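Colleague: The annotation N-linked glycosylation site is assigned in Swiss-Prot to Asn71, Asn83, Asn179 on the grounds of sequence analysis. Per Swiss-Prot, the feature topological domain 'Extracellular' maps to 1-11, 64-92, 153-201, 276-284. Positions annotated as topological domain 'Cytoplasmic' by Swiss-Prot, on the basis of sequence analysis: 33-42, 114-131, 223-254, 306-339. According to Swiss-Prot, the transmembrane segment annotation covers 12-32, 43-63, 93-113, 132-152, 202-222, 255-275, 285-305.
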Amino acid sequence: MSGELWITLVDTADIVGVTLTFCVNIVLLGLLKTRGKNLGTYKYLMAFFSVFSIFYAIIEFILRPIMHIENTTFFLISRKRFNYSTKLGKINSAFYCACFATSFVVSGVHFVYRYFATCKPNLLRLFNLPTLLLWPLGCSVPVTMWASVSYFLYPDTEYTEAAVTNVLNNHYNWIKKENVSYIAYVYYQYENGVRHIYLKNLLGCFVHYFVMSMTFVVMFYCGYATWKTMNEHKDVSDRTRALQKQLFKALVLQTLIPTIFMYAPTGVMFIAPFFDVNLNANANFIVFCSFLYPGLDPLILILIIRDFRRTIFNFLCGKKNSVDESRSTTRANLSQVPT
């Protein structure tokens, strides 16, 4: 499809995504406050992810990213809403990359918590204060790695300046060069028929893949171990087992959503230039997916956790008594969850 059509789709997804993200996450935060009293420290993880999702959606709305793959180069281009320096634009793009990486890392932490709750309950103390505060510090390491390589290993050069100008002129001719900032992932170039590989850029991509792979391995291992343990142990109450299964189903779906909307598109984003696959403006399907992701992910929790779902349904139907009953049921159920 043409660049103009893709920009229309991306901008529409931006509006839909930020609206959905705000509505769903505010509802989830309200449910956590009124129905999550006895959910333990897990409610803090869900609350953090909700707040982060809102923040991520705001960043995307401000930066208005577009993506383009052409001539062994992947371009992350941000359309400026107001004028600022090239250096600040580079920092903004790297910060967007940090938010992108955070979504992977936090998903992994969710699975670690459920793994501890089901398989290693004695380790749940690591999610209590004050050690709970160490988790953001640990998560910041891979996030900082991702953002740092995006900023330092992909400098603007004469080639990238000419390349991004050519991309804008050929595919997005209504966007002026001075109104964008960008990061160009150049894998290699051909000069006089000889291929010159950019080792720094390939190293940066390796770091990105390492972070993605590690978070995916953590989710897969913890998810499998949790499922196996739940099926082996029959000595827990029906209420506890039911709630554990609801939370596990939510996490499984919360793995599928980022896999479809984040992992798979990002994998294509980094692999296509290496094999000289010119997706051109079609690479914007990655942005399209990323705009919708922050609103879809927390929606899973609301739909899967029965008491959350019933509370919303009863509220919409005006059944106050049922809502109060749901609150009591929620407290009874969640009191069974390890904290």
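The backbone N, Cα and C atoms fix where each Cβ goes, and this holds for glycine too.
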Colleague: For the transmembrane segment (255-275) and the transmembrane segment (132-152), check the count of CB pairs under 8 Å (sequence separation 6 or more) and say whether it reaches 3 or more.
Modeller: no
Colleague: Please report the Cα separation of Asn83 (N-linked glycosylation site) and Asn71 (N-linked glycosylation site) in Å, rounded to an integer.
Modeller: 29
Colleague: Residue list, the transmembrane segment (285-305) vs rest of chain: Cβ under 8 Å, 6 or more residues beyond ends.
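Modeller: Same-chain residues near the transmembrane segment (285-305) but 6 or more away: 6, 9-10, 13-14, 16-21, 23-25, 27-28, 31, 46, 49-50, 53-54, 56-57, 60, 65-67, 100, 103, 243, 246-247, 249-250, 253-254, 257-258, 260-262, 265-266, 268-269, 312.
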Colleague: C-alpha of Asn71 (N-linked glycosylation site) to C-alpha of Asn179 (N-linked glycosylation site): distance in Å?
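Modeller: Distance between the two Cα atoms comes out at 23 Å.
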Colleague: What's the number of neighbouring CB atoms sitting within 10 A of the CB on Asn71 (N-linked glycosylation site)?
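Modeller: Its Cβ has 16 other Cβ atoms within 10 Å.
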Colleague: Identify, in sequence order, the residues in the chain of Asn179 (N-linked glycosylation site) that are 6 or more apart from it along the sequence and have a CB within less than 8 Å of its CB; answer 'none' if there are none.
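Modeller: For Asn179 (N-linked glycosylation site), the qualifying residues are Arg79, Lys80.
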Colleague: Which of the three DSSP-derived classes (helix, strand, coil) applies to Asn179 (N-linked glycosylation site)?
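Modeller: DSSP assigns Asn179 (N-linked glycosylation site) to helix.
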Colleague: Who are the chain neighbours of the topological domain 'Extracellular' (276-284) in space, where the CB to CB distance is under 8 Å and they lie at least 6 residues beyond its ends?
Modeller: 1-3, 6-7, 9-10, 66-72, 74, 171-172, 268-269
Colleague: Can you give me the average pLDDT across the topological domain 'Cytoplasmic' (33-42), rounded to a whole number?
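Modeller: Across the topological domain 'Cytoplasmic' (33-42), the average pLDDT comes out at 75.
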Colleague: By Cβ distance under 8 Å, which residues at least 6 away from the ends of the topological domain 'Extracellular' (64-92) in the same chain are close to it?
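Modeller: Apart from its flanks, the topological domain 'Extracellular' (64-92) reaches 6-7, 10-11, 14, 151, 156, 160, 163-164, 167-168, 171-172, 175, 179-189, 269-270, 272-274, 276-281, 283-284, 286-287, 290.
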Colleague: Take the Cβ of Asn83 (N-linked glycosylation site) and count every other Cβ within 10 Å, whichever protein chain it belongs to.
Modeller: 9
